[in-house]
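Residues annotated as domain 'OBG-type G' in TrEMBL: 1-256. According to TrEMBL, the ATP binding site annotation covers ASN10, VAL11, GLY12, LYS13, SER14, THR15. As annotated by TrEMBL, domain 'TGS' applies to 278-361.
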Amino acid sequence: MEAGIVGLPNVGKSTLFNALTSSQGAQSANYPFCTIEPNEGIVSVPDGRLHEITQYIKPKKVIPAILKLVDIAGIVKGASEGQGLGNKFLSHIREVDAIIQVVRCFEDPDVIHVEGQVDPVADMETIETELMLSDIDTLENALPKAQRSARGGDKEAKLRVSVIETCMKHLAEDKPLRTLELGEPERKAISSYGLMTAKPILYIANVDENDLEGKCEHVQNVRVYADQRGTDVVPVCAKLEAEIAELDEEDRQEMLGSVGLSEPALHQVARAAYHTLGLQSYFTAGEQEVRAWTTPVGATAPEAAGVIHSDMQRGFIRAEVYTLDDLHAHGSEKDIRDAGKLRIEGKSYTVQDGDICHFRFSV
Ligand code: GDP
């Protein structure tokens, strides 16, 4: 699962990406189009439950869940027609599972805004429009081919034609595809097109250093826009987060305290991105390691086991499951078992967020 960071040039994408991944790889310079090659990075998803588990089970290692991020360079008006480095960036967005859009809410006369003024709602509309235009383009190109196959009697192609037409109608009404409800077969029929406005989106409001909670009018406007679309907004000061990310643990706590934050805002970003992607974590806990694993919400026990190793999915026998509450109540896995609280779950079990699992499998 990976999320792509997008936005207009100079809104703080590279700064945020660097802070998130603590990688020095992505360039951050005060001019548009500086980030030409898309950069990838890994972020861990902070989860307090890992810490709670290790109060009872003392492992050698604790391994959090991770997310892959791609820093996709700036999109400008006209990107769908090849403006800026438009097409190249858009093709990168087609490949990610979710979009994280950074919107500039900070004022800084030293940092040029491509449209001349800070107006986050206009920026969000610009990008939404470019992505919609690009999706229309993709669908217009795909339609004749699907129609030819449909005329040749291909049943799947018939479905594809009808879904393409539904999507085009929706886009013509100026609505992104993520607001169009499709069944599973319909979704599958068009999945290979990488339609961008069908991808879940998360907005990061890049705020001023003196407005960390995002109280200014710009952020309020972003919230209204996002609320209407049922998407999340996380206020972050990318510049401050970049500085915090470079500190060692002790200085970091001091710095956070001095600006009144309980944790880096980046933790919130990672969790919100996870949520936007429709992901959840289950845990495995033993003396070697306590570890969070990522599954889509709704994954079955064999699917969840398959995240660890495909052999475990193929040879799945059963899952032995308990929760953090069980651990709090009984203190160890053995005591949970002795109390008859260890659940035995089969192939059809839907793994729940926070389950602590042991998988039994044959090879
Ligand atoms: P990108 O083009 O969207 O990747 O933007 P960059 O991350 O390269 O940032 C562009 C400029 O804005 C750089 O000079 C950053 O230092 C500056 N910048 C980024 N975030 C902030 C912020 O939160 N506040 C202020 N004042 N400047 C920022």
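Glycine residues also receive a Cβ, built from the backbone N, Cα and C atoms like all the rest.
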How does the model score the domain 'OBG-type G' (1-256) in terms of mean pLDDT?
-> 85
According to DSSP, how is the domain 'TGS' (278-361) divided among helix, strand and coil residues?
-> 26 helix, 33 strand, 25 coil
Mind telling me which of the binding-site residues SER14, THR15 has the densest Cβ neighbourhood, counting other Cβ atoms within 10 Å?
-> SER14
